[in-house]
Amino acid sequence: MNDWAPIAKEYDPLKAGSIDGTDEEPHDRAIWRAMLARYVPNKGVTGDPHLTLFVARLNLQTTEEKLKEAFSRYGDIRKIRLVRDLVTGFSKGYAFIEYKEERALLKAHRDANRLVIDQHEIFVDFELERTLKGWIPRRLGGGFGGKKESGQLRFGGRDRPFRKPINLPNMKNDFYGEGSAEKRNWSREGTRDWRTRDRDHERSRDNRRPERERSWAWGESERERDSKEERSRGRERKDRDRKDRDRDRSDKHRAAPEKRLDAEQVESLGKVPAAAHSSHTEPHVQSHLRPRHNQLPLTSGTALQRRPSYMAEFTEWPQHLPR
């Protein structure tokens, strides 16, 4: 703990994968890959590494001219190298800027971080490939970046420094024989008293349990009795409502009393208009005007139906009605 620092002074993939730098085993495969990697910095890179800034999270449309315009306010720039794809030539979103003076470098490192360029908030740090011992790039499982969604965050850099670990004092348990011998020297009487006290406590708890169970059982019976009464009242109410609905339905659909007609009323109802007996009436018209033999006209909303009770009143069929 005496050598703890929020920023890593030497790159260790195992510590970089820990939020406080205290992990002893890697928690993802990328850390294993970084630990087994043998990375050698690119010898083709020129310039002074101690005067070079690393600029990341750039807009893919940002050009070298835009970077020079934004970073030249901090001092004289010697070289700008925007990293591009070798095949497509498109920007990869990060660049290296070399200053002529260390004062300009420190000022840009302090003020240019989180600067917005082309609607993107950039990240600025020192170059670590040639200045930090043991450096492993992100493509090999190292680096100081990463996203929370991937579960492969790296700590110890400027963007995500180490958190100070929590030191818990080593608590010794005297019950299992740890600690001084004076504390472990228990007298036999003390041990017997301790066991007796626990036994008495168990007995008193067993004696209190039946009373508690009886109180709980009484409360449950009361609740059950109330719920049963409510359910019975609800069932009675539903039965009463159902009977009322059935009674109303039967009264509504009950057939009206039949109206008995005498022979004169039947004759008056059964008269056919004179137009029906004219000789110039078409056959289909006569068939339409002529009442059917199984149906009689309606009178005051009551239909005369052929039923045995109706046939019993008339001994013969009226002559003016067709059969």
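Positions of Cβ are set from backbone N, Cα and C atoms, glycine also.
Under the heading compositional bias 'Basic and acidic residues', TrEMBL lists 146-162 (among others). Residues 4-8, 11, 15-21, 28, 30, 113, 123, 125, 128, 138 of the same chain lie 6+ residues outside the compositional bias 'Basic and acidic residues' (146-162) yet bring a C-beta within less than 8 angstroms of a C-beta in it.
Annotation comment: TrEMBL describes 180-263 (among others) as compositional bias 'Basic and acidic residues'.
According to DSSP, the domain 'RRM' (51-129) comprises 22 helix, 30 strand, 27 coil. If you look up TrEMBL, you'll see 51-129 marked as domain 'RRM'.
The annotation region 'Disordered' is assigned in TrEMBL to 146-307.
Mapped onto DSSP classes, the compositional bias 'Basic and acidic residues' (146-162) shows 0 helix, 0 strand, 17 coil.
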